[in-house]
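Everything on this sheet refers to the single structure shown next.
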Amino acid sequence: MLPAWGTSTEATASHAGWDGDDEGDIRAAYTEDEKKENIPPISLTSVSTNGAYPGQKRRRSESVRTLKPECPPEETQRLRQRRRISATDATQSSRTMNVIEDRKPRVNRARKSQDAPSTSTCGFETPVGTKRKSKAADSQKPPKQSKLRKIDEASTSKAVDNSSKDGKKTTKPAVTQSNRRRSGLSLRPVPIETIFSESSGRESSTEDEADVSHQQRVEKIAKNPIMVVVLPLGPGNYPNNERITVVSTYKSRVNKNCNEARRAQRHGSWSRKGIAFPGIPTKKFTKSDLAKYGAHASNWPAQAAFRSEEGKILIYYEGWTCLTLHRLSVEECARTAPTILEEMSIRDKFIETVKSAAAEEAKLVVEKNQENGIELTLDEALKQIFIEPVPQSSPENVFWIYQDLSYFHTMDNRDLGLAPVFYISSYTQSVRPPCYAYTAINIVDVDAYKRCLESRANMSFADLTGQKIWMPTRSKACENGTKCKCDARFMFLYDPHDVTNLECTPDGKVDFTDFKIDNARIVMECSDACGCSLDCPRRSLQRGQQHPLAVYYEGPEKGFGVRAAANIKAGELVCEYTGDVTLLPTSDPVASSSTKTDDGEEQENPEAPERVDSSYDAAFNAMDTKIIISAKKTGNISRFINHSCDPSSVFVEVYSRRFEEDPLIPRVAVYAIKDIALGEEITIAYYEPGIEWKRSSVKCRCKSTKCMGTLPAF
C-alpha cells in the first residue's frame, strides 16, 4: 500500500539535430509555417532527476546508457570514460541539438556552458565536459573485464541506425525498456488503473513494481519531511529530528528538482507580465535563447504533453515557452517519457468526462429553447457552457499559467510520493487561476509548535500509560493487530462519549457506518510503537494523497472547486488539509451560533461549536481547540473544496505521526463518505445540518436536493 506516485525518475525530452534538408528553425505549434516544413521528430530519453538539460555540453552518443546492476561503481565510471573516448569517432553521426546556420547542421563541442550543471548517469555525478584522464591515471586502471566489453559492444551495435537521409549511420541511445528498469534510470510509474483497482482498492502487482526495492521505498517515505517549523533560530534541521525543517521565514520557492526552470528564472529572456504566483517561475527561455542555452543539450525535461490533430504528441518543455513545442510519436513518448504520458491520459480522461456532462446539460438548454420557439443547435449550446482547454500559440495566454501550476505543484507532491494535481478551466471566458503558496506539508508557527510539544497527546505511549495496566484491543485493520496501541491511546486521551473514534477496515478505508456529520470525530493512526510497517492500513494519511485531483473552475457563482480525476471509494483518503498551523488569535471574534426558541425568538447557544470567522480556517474540536490550520495564503488544493448541503466528503481530525519521537501536530484530512466518480465535484458541509443557524441573505448554490437555501450568518 505504499504510494507509487513520485517514485520514478523524471523523463526528459531530447532535441535532435536536423538533417541538411530541413529548415531547422524552432516554431510554435499551430502555425501555418510548421505544416509546410518537414520538421524531424524529437526523441525522448529518460534520465535521472539531475540529468542533462539545455545548455549542457553533452554529445548525443554520451546520452543515457544502461549498465547491469552487478557492475561495481569503479568499473561503471571507467566504462563511461571509455565510451566518451570512443565516441569521438562517431562525431559526425551524433544527433545533438544544433544551432542552424545557413540551413546546415553544425555541432559545436568546444563551447562549454557556464550554467550547465553536472549530469547524473546511473546515480553517479559526472561534471559536464569531463576531459580524458591522463596517461598516469589510465595506467592505474585494472585490466578491462570482458563482461564490460560485451556490454559496450552490444550498446554500440544497438545504437546504429541506417535510416538517416544522408545515408550515414546515426547514433541513437541504446536504452531498452527492460534495461532502464534494471539500471534504475527510468522507473516507470504504475498506471493509475492498476494502482487503484476498483475490484480490490489496493495496489496491483506489476512488473515495474516488482523491480522496485520495497525497502528503499519504505526508507524514502520514512525520511520525508513531516512539517516546516518557523522559528527565529534560522534555517536548518530541527535538533535530533531530520524530518523537521526549520526556517526563519517561510517562502514558497521553485521545486529544487526543477533545475531547468530555475536556470531559466536566472537567464530566460521571456518574462510573465502581471501577477507573480508563489513558487512558479516568472521567466522562461524562448526561441531567441536557443543558441546560448539550448543548442548543446541532448536532453530537455518534459513538463506536459498534449495530443495534436495529427495523432502526434506535443511536448511542452520545463523552463521553455510554448514557442519550442514539438511533435513526437505516441510510441516514442510511451517508451521514454511514460510519466508525462500517463499524466496526459489522466487529464484528458477527466476533461472528456466533464465534457460529456456538459453535453447533457447542453441538451436540456436546447430543449428549453425549443419550447420557447428559439432554434439552437447542440454545438452552439455546448459552446455556451464548455470550451475545451487546448494549447495556445501565445506564451502570454492564461492557459500556460494553468500548466505551470499543475506541473510545479505536482513536482512538490512527487517529492512526498503523492498523486498529481491539475488546474483546469473550460469556462467560456478567460479566468485567471488562483494565486497562493502551495505546500504539501503543514507550516507550523513557533507558538503553536511549543503548545503541541507540551500537550498530553504528544507523550509517548509508554509515558502516557505510566504504570497503568492496559489491555490491547485486537485491531482488525492494523498489520500487527494484537499489539496495536491506537485504540488504547484513544481511550487514554479522549472521552468516547464526546469524540467518535473512526476506525479503519482491513483495506485501509475509514468506516463511516452510523456516522453523524455534526459529531466530533478523530482517526487514530499507527506509529512505530504499534510494530507495524508503513504498509499498515491504519497509516493512510502518512502515505498521503493517492488519487489525482483537479482544481476546476465551476463558474462565476462558485468559483474554483475540486474534482476527482479518478474514482474514489467511500472511506478512502482524498487528501490532507494543509496550511499555516497557528494558535487561535484571542483578539479575533469567535462566531457564536444562535437557535430559535419555541416562540420563534433567537437566543445565543453557548453549547454550539465555536467557529472561526474565516472560510479558509480549519478548527479542531477534539485534539486542541486553540489551534487552527489556515489555508488562506498557504496550503494545498483542499482549500478549494466547496460547500454542499449533501457533501461527498468530510473533514476529520487525525492523530498521526510515523515515529513516537516525532512531535504530534494536529492534522486534518479529507475522507470520502460516499463513492465519488471521475469528474465529480468533491464537497464538504461547512455547517452542521443538525444546528439551525441564524440565516443570512447569502444564497446557497450547492444545487443539491438537500440544499438549505441560504447560508448561516456569523
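Quick reminder: no glycine exception, Cβ is built from N, Cα and C everywhere.
Copied over from Swiss-Prot:
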- Cys645, Cys700, Cys702, Cys707: Zn(2+) binding site (BINDING)
- Tyr686: S-adenosyl-L-methionine binding site (BINDING)
- 1-12: compositional bias 'Polar residues' (COMPBIAS)
- 88-97: compositional bias 'Polar residues' (COMPBIAS)
- 200-214: compositional bias 'Basic and acidic residues' (COMPBIAS)
- 547-687: domain 'SET' (DOMAIN)
- 696-712: domain 'Post-SET' (DOMAIN)
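For the domain 'Post-SET' (696-712), the model's pLDDT averages out at 82. Packing against the domain 'Post-SET' (696-712) from elsewhere in the chain are residues 557-558, 593, 642-646, 683, 686-687, 689: each is 6 or more residues past its ends and has a CB under 8 Å from a CB in it.
Other residues of the same chain near the Zn(2+) site, with their Cβ within 8 Å of the Cβ centroid of Cys645, Cys700, Cys702, Cys707, are His643, Ser644, Asp646, Arg701, Lys703, Ser704, Lys706, Met708, Gly709. If you take the Cα of Cys645 (Zn(2+) binding site) and the Cα of Tyr686 (S-adenosyl-L-methionine binding site), they are about 8 angstrom apart, rounded to a whole number.
Cβ neighbour count for Cys702 (Zn(2+) binding site) (all protein chains, 10 Å cutoff from its Cβ): 20.
Under a cutoff of 8 A between CB atoms, and with a sequence separation of 6+ in the same chain, the neighbours of Cys700 (Zn(2+) binding site) are His643, Cys645, Cys707, Met708, Gly709, Thr710, Leu711. Sorting each residue of the domain 'Post-SET' (696-712) by its DSSP state yields 0 helix, 7 strand, 10 coil. Rounded to a whole number, the C-alpha distance linking Cys702 (Zn(2+) binding site) with the residue listed as 'S-adenosyl-L-methionine binding site' is 11 angstrom. The Cβ of Cys645 (Zn(2+) binding site) has 19 other Cβ atoms within 10 Å, all protein chains considered. DSSP labels the residues of the domain 'SET' (547-687) in these numbers: 4 helix, 59 strand, 78 coil. Residue density at the residue listed as 'S-adenosyl-L-methionine binding site': 18 other Cβ atoms are found within 10 A of its Cβ, drawing on all protein chains shown. Counting every protein chain shown, 14 other Cβ atoms lie within 10 Å of the Cβ of Cys707 (Zn(2+) binding site).
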